[in-house]
Amino acid sequence: MSKVRLYEIAKELGKESKEVVARAKELGLDVKSHSSSVEADAGERIKSSFTKAAAPQAPAEKPVAAQPSPQKTPAKEAAPVKAEPTEAKAAAQPEAKTETAAPVKRPQSRNFKAEREARAKEEAERRKQQGNRKPQNKEQGKREDRDNRNKNRGNSNDRDRGNRPNDRRDNRGQDGRRNGQNHQGFNGQKRQQPQGPKIDFKARAAALKAEQNAEYARSSEERFKQAQEAKEVMERQNRRKEQPKAEAPAPVQPAPAPSAPAANPSPAPAAVDTRRKKQARPDKKRDDFDREEEGPRKQQKNRSSQNQVRNQRNSNWNKNKKNKKGKGNNNQAPKPVTERKFHELPTEFEYTDGMTVAEIAKRIKREPAEIVKKLFMMGVMATQNQSLDGDTIELLMVDYGIEAKKKVEVDTADIERFFVEEGYINQDALVERPPVVTIMGHVDHGKTTLLDTLRNSRVATGEAGGITQHIGAYQIEESGKKITFLDTPGHAAFTSMRARGASVTDITILVVAADDGVMPQTIEAINHSKAADVPIIVAINKIDKPGANPERVIGELAEHGVMSTAWGGDSEFVEISAKFNQNIDSLLETVLLVAEIQELKADPTVRAIGTVIEARLDKGKGAVATLLVQQGTLNVQDPIVVGNTFGRVRAMTNDLGRRVKVAGPSTPVSITGLNETPMAGDHFAVYEDEKAARAAGEERAKRALLKQRQATHRVSLENLFDTLKAGEVKSVNVIIKADVQGSVEALSASLQKIEVEGVKITIVHSAVGAINESDVTLAEASNAFIIGFNVRPTSQARQQAEADDVEIRLHSIIYKVIEEMEDAMKGMLDPEYEEKIIGEALIRETFKVSKVGTIGGFMVINGKVTRDSKVRVIRDGVVIYDGELASLKHFKDDVKEVTNGREGGLMIDGYNDIQVDDTIEAYIMEEIKK
């Protein structure tokens, strides 16, 4: 016999394939899907089952429940809407026993107990008809049972919860009991298969599945209707927007239902017939909607019963999940698409080498993908994180029509640029500033006395040894105008400090004593002033002394290029007496006159820049720096970079020790707040914020450290011999601590200049501040001694130095330090000796004694021969042996020496070849004093 496929039967009947598959399974046929083939007679059975279900019946009364049979109605035909739920079942099975019941007010409620009893009776009858029919493939039957159980779980989750909220709890209870019965029945069949009557679980599962499909069809039908209504509403709204004057379209009406026999016509049966007719007719939109719903149904079939309970209780959770997947959300209006803003291209683009594609895209407000595409068209393969060179960036900007300009990199750590940058100072904001005057001269020529007279204070009395140890900055007022004075030391050791003073000054006052004349440091001060191109005012001091000769001073200065205006030069000469305050006013007037000629101006509106005059480490305040503001205005709390250090101006004091908040141009102030002590002579600059100042200071410190490491001496083939030779030179290790940075520099330079052959000075460490415990520890480890200049050790450092036997030498005058270091270096040398001949003796007789050696009898012919002297044996004018005496006797007595004209006996240690007429020359090694 020929076979026919299920989907062909469905097409012939106008039914869906899944309904035909479900009906075939209810009839006990072994089918899996719509592609399964059945015999022709089986196909006729399936067709007849649908024909019987569609036959009309006279509903004399409304049955409440009917006996279920294996031929269940299709899922779509059993979907009641606003009608009694058991009417379709009664029509499909007219021969079933029915029970009359009162009409139910809620059409959604069902009598599941009556349905189960009817199904049980029908299954018993069918077992009698089928007999002992068994599945041909036992394993296949087990697998189908498992599939049916999974479908039962999944389909139970697809029931309509929104339209039937009252049946939710009942459905869960009934489904749970049915699942439990199915599990128990399956397990019992597996364990006790030979015992008792056999139950057709396949038919039971098919019946349960048909019931669940019917419930799902009802919910699916309503969701489809809601979706259609939402689409119609959206279409009407869109048509109103496009054609405001057009009439709104009429809502789509469902197709008229065919007439069905009914005892009491009512709207509810008509609604049922309408949906049945609509379901029977193939509809493309309906099929599409069902296919959309098929995906979630398939996913829900394999969920556990626990998830089913959760989904039934929390309907919002399930709705949200469907909305996330885009299903069942057709009634919501779509969100308007955000239009992308269009940004115009800039006219100019400032770039730097190494910019990435992403950075360029952000600057020109374009997508990185667009730039990558343009680069690809230009032949450049790049990603958005790849850096581009300058040429590629320029070509890219040409493609966009943008003018490309390369950004000039500014070294933020470079302070010197503020002093040479033309645009830093505003020429329109320049104002007159006080002149900065530096007082220079030789030692004890009266520089500090002159400044003391100017300031009416007793600074000079506090200077040790009558010389200025470090620079001082002071400000006085004359005729309503301020003058800033810098005092520099005159000692030879302070050359660097004098040069520093000349570099920041506007006018130099050269103090020369009328009785001493021009001295070495006077000449040096002249050279510093000429190198800095600073005008010189000569103050001839000590004119009150009896031996003063100003004319001789003028002549000596003329020899060194300092010509008086009276002699046709450009230097002013003023004869003064600083001690007796003579002609001091004339000197100040001359200073103001020269300053007026120079037209000294500064811009107080910019951030302050200047030079460090002096720096020291205070125990309570930390690093203290004396600054001279050259441009701008310095304020308290300004972020500042000083040399290789940085910080914020915490406090600011003037030359009188008073706290100030503002310091203008040409004003000397002392500040605190730096992280380290800077070097004297360093430049400083105020930055816009503390972050920038910190970055610049750290970068400058890093560069200084790198420069110091690069300057480290390395051994090469050229200097290998010098290195080996230097190893023979002894070294004196020194640690220098002073009160100010200038004194540290002067001491270091002076000690390095000391030349003693065979000895060199190694400065292990130098810093400002008191001698502390770490200095003592370093000195003990490096075998050095500590020199303290105008500082004292702390009590803990002193105790530690005594315990570790570390020598601390304290001084307040620099030339005494130099003299002491010279003596120490000379004492480090090995002593030198010279030979001194003390006598001669002539051998007259020799005596050979066994076990003793040869004894030579001699007579001293010149000088003397001592026991501890060395002797040479000279024979025929040739030195035969040079050694020491083993014994010296006069007759039988041991003696220390034998003088001229006397006789004695001697033995030479290690030499017995003494002969008559040999000359014995006695000598000693005498140390040479240095």
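The backbone N, Cα and C atoms fix where each Cβ goes, glycine too.
For 441-448, 487-491, 541-544, the entry in Swiss-Prot reads GTP binding site, with the evidence type sequence analysis. Its own atom aside, the Cβ of Gly441 (GTP binding site) has 27 Cβ atoms within 10 angstroms in the protein chains shown. DSSP assigns Gly441 (GTP binding site) to a strand in the three-state reduction.
Taken from Swiss-Prot, the feature compositional bias 'Polar residues' applies to 183-195.
Per Swiss-Prot, the feature compositional bias 'Pro residues' maps to 251-268.
According to Swiss-Prot, the domain 'tr-type G' annotation covers 432-599.
Look at Swiss-Prot and you will find 27-342 tagged as region 'Disordered'.
Sequence annotations record features per position, and here Swiss-Prot assigns region 'G1' to 441-448.
Sequence annotations record features per position, and here Swiss-Prot assigns region 'G2' to 466-470.
According to Swiss-Prot, the region 'G3' annotation covers 487-490. Across the region 'G3' (487-490), mean pLDDT in this model comes to 58.
Taken from Swiss-Prot, the feature region 'G4' covers 541-544, and the record attributes it to similarity to another entry. Residue counts for the region 'G4' (541-544) under DSSP, split into helix (H, G, I), strand (E, B) and coil, are 0 helix, 1 strand, 3 coil.
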Protein Cβ atoms within 10 Å of Asp444 (GTP binding site), excluding its own: 17
For Ile543 (GTP binding site), the number of other Cβ atoms found within 10 Å of its own Cβ: 19
